[in-house]
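Lifted from TrEMBL, the feature list:
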- C348, C408, C411: [4Fe-4S] cluster binding site (BINDING)
- 58-79: region 'Disordered' (REGION)
Amino acid sequence: MADRPQSLFDKLWANHVVRAESADTPAILYIDLHLVHEVTSPQGFDVLRQRDLPVRRPDRTLATLDHSTPTTPPGPDGERHYFTPQAKAQVETLERNCAEFGIRLEGWGSDYRGVVHVMGPELGATQPGMTVVCGDSHTSTHGAFGALAFGIGTTEVGYVLATQCLPQRKPKSMRVVVDGQLGPGVAAKDMALHIIRTIGVNGGTGYAIEYAGEAIRALDMEGRMTVCNMTIEAGARAGMVAPDATTIEYLRGRELAPRGGDFERAAEGWLALAGDDGATFDREVIIDAADIAPTLTWGTDPGMSVRLGEAVPEGDTPGRRRALDYMGVTGGQPLDGHGVDVVFVGSCTNGRLSDLRAAAEILRGQRVAVGTRMLVVPGSESVKRAAEAEGLDRVFTDAGAEWREPGCSMCLAMNGDLVPAGKTAVSTSNRNFEGRQGTGARTMLASPATAAACAIAGRVVDPRGEAAREVA
Ligand SMILES: CC(C)[C@H](C(=O)O)[C@@H](O)C(=O)O
Ligand code: SF4
């Protein structure tokens, strides 16, 4: 039994089982890193207070403010412009809870505050081999490091705060292999959308996915995070990539990563996490990177997407008809040329430095179309600083785009950054259901390059230009 070849996921799981699963009870898993934000944590802390319990491992708990925070700077009096009194209350509650329970909070004034899934990796808090949880579905992002990372509910946030453990049943395993190389101008986001379209928005339900293959290996850590981030949009529990030299170089020197000789020893262990030859999976999907092109969603789930230039499906099912209607899109023809009112570059999917660079490269020396609003929101204070150091903020503002303070912002529009009803947004975020970016808002998900190209044109266009598509 012990000799059976193990996958990355098998190893991560086995390394964290505190009590084995039985027919009647789930396994109990040890949690290495618990990330916390203001929306899903208040109940957990309340439970601790009711039971007079401390946080079991404050040193393995890390908090940030991201969902409800305004992206406009504070007024001259230091006043923050919260969208609602509830937003302000959420922020203040987390500030109080972190102070009371001795948890590190990257709050207002921190140089590292950011969207939780951008901040954890940047600080080096997320490391290969860990179990990482957060009361947030896109926790799958951290799987890019070869961690077992998944979102938990608010009740479970309480369990983890109190015990540093979590009851879980082992999901099935799927391997998604992306062979070959992405073409020029094709991004990790296009790959993520293509994978979801291929396996379906429920195709991952009940599975933990390991991404492998030449095109995955070729991605930098930010690209791997984009792909793992969107795993949840295919219904899967977690997404992961085996640690390699790219992972190790990303982590070297980060604040919370091991130092010196400890780092080298840790890195050896990280590399050993890769799946054994002959490890088996419950399901395997093989994708050819050459089939992936700049992709945009036309409908109201992330699987309803087309390559630019490809015709949108006809409204041949009630679901598709409703989606076409809601989106104001005509079936049977490409999205190219469709009017774009708002462009959002940001979120835990595409709010990192490489994403901002990709958008800036297209926008440099250009103007956002008259009548189109473009919002660029760095994923964290670190991203903001790094972008400003290379002048990307100027590229955006010179083009007529808004350069904002870090946070989730228009990804879910909790902080007042809204898309007006009936308006179409091209967004680098990860969800496009009805009303996600505001009541009646229409969301088309895309890569940062596609979003920037659409901002300049004021309509849907291929970021590679018309000529490139002929060649592709
Ligand atoms: C607010 C939070 C619970 C939610 C999530 O779990 O994903 C949010 O981050 C989102 O993207 O919809
Ligand atoms: S950026 Fe969007 S998807 Fe990511 S955590 Fe925030 S709201 Fe959720």
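Using the three backbone atoms N, Cα and C, a Cβ is placed for every residue, glycine included.
Those TrEMBL annotations? Automatic predictions, nothing curated.
Cβ atoms under 8 Å from those of the region 'Disordered' (58-79) belong to residues 31-39, 41, 86-88, 90-91, 94-95, 98, 101-108, 113-116, 119-120, 123, 125, 161, 164, 375, 377, 404-409, 412, 414-417 of the same chain, restricted to positions at least 6 beyond its ends. The Cβ of C408 ([4Fe-4S] cluster binding site) has 31 other Cβ atoms within 10 Å, all protein chains considered. Surrounding the centroid of the Cβ atoms of C348, C408, C411, where the record places [4Fe-4S] cluster, the chain contributes additional residues within 8 Å, namely D66, H67, V115, H117, H138, G346, S347, T349, G351, G379, G407, S409, L412, S429, N430. All protein chains included, C411 ([4Fe-4S] cluster binding site) registers 29 other Cβ atoms within 10 Å of its own Cβ. Counting every protein chain shown, 27 other Cβ atoms lie within 10 Å of the Cβ of C348 ([4Fe-4S] cluster binding site).
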